[in-house]
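Colleague: Can you read through this structure? Questions will come right after.
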Ligand SMILES: NC(=O)C[C@H](N)C(=O)O
């Protein structure tokens, strides 16, 4: 039988709805009865590591979590790990773990959209599915996975797409890489690229700004006047920004502060297609770094990680094309 660590961090999966219909954290984790029922599936050990709503999660807590997983993996001879997490920032924690954990051990992050005492609570089912995936030989070497609603997603591509529906986690453009059914765990795709960075701290400040029609440079100037080490811009479409922000972005690049471009579109990548003022081609010429389909919140974490290793713009560009 596989030895699986279930490490709790909190989130709705560990919460309860009160009589007024408000959802709140619980002192005792409501997943204990589900965990007892897992004894025929795996040999499970539990770590009640944190009990926080995921909007309280920070990059520094994520780094501590990665260290905790490394300690547990080496001291407990684990075959797999399941992390329970609130869904609001789940994709960020999962992606950061994916960038930091350089191993083939399955790590599966799961959560729930309905709290433990709500009708149709999805937490117990998601937890069982996550343990089944973490126990599967075919989950080895696929990076950090996100399992909810019977689907297996990569940490790199998954995102929360709906504020309340239980089918909220999707991988735009790529889809899930596997499914969980009553009969088994089935992978139908394998991720082609894995990247790992052996970083133990995150000391850089990276901001994320979204473009909008009529945006001017005031907000960029305001952010540039704080001590940022990098900026992610969620641009329009294929990677275009309003002309009014070009000067402020150029000034940042001249100060050697990397400006990284993602698209505010749900799918697709940014490219140096348009040569009008504010277009992707001009941004490229000014030294803006282009990404390869990451969303803004994940590009921010990736820049925080890689800035611990390099500030060289050519190396950063190579890393963001991966
Ligand atoms: N479904 C959830 O878990 C949402 C909750 N606000 C959290 O992220 O902690």
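Glycine is no exception: its Cβ is also placed from the backbone N, Cα and C atoms.
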Colleague: What does TrEMBL list, out of 54, 116, 129, as binding the same substrate as 87, 88?
Modeller: 54
Colleague: In sequence order, which same-chain residues at least six apart have a C-beta under 8 angstroms from residue 88 (substrate binding site)?
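Modeller: Result: 11, 53, 54, 55, 160.
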Colleague: List the Cα distance (Å, whole number) between residue 12 (active site) and residue 87 (substrate binding site).
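Modeller: Rounded to the nearest whole number, the Cα-Cα distance is 8 Å.
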Colleague: Look at each of the recorded positions, 12, 54, 87, and point out the one with the fewest other Cβ atoms around it within 10 Å.
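Modeller: If we count Cβ atoms within 10 Å for the recorded positions 12, 54, 87, the smallest count is at 54.
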Colleague: Between any two of 54, 87, 88, the residues recorded as binding substrate, what is the biggest Cα to Cα distance in Å?
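Modeller: So the maximum pairwise Cα distance among the substrate binders is 7 Å.
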Colleague: Need the DSSP three-state call for residue 87 (substrate binding site) to compare against my parser.
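Modeller: In three-state terms, residue 87 (substrate binding site) counts as coil.
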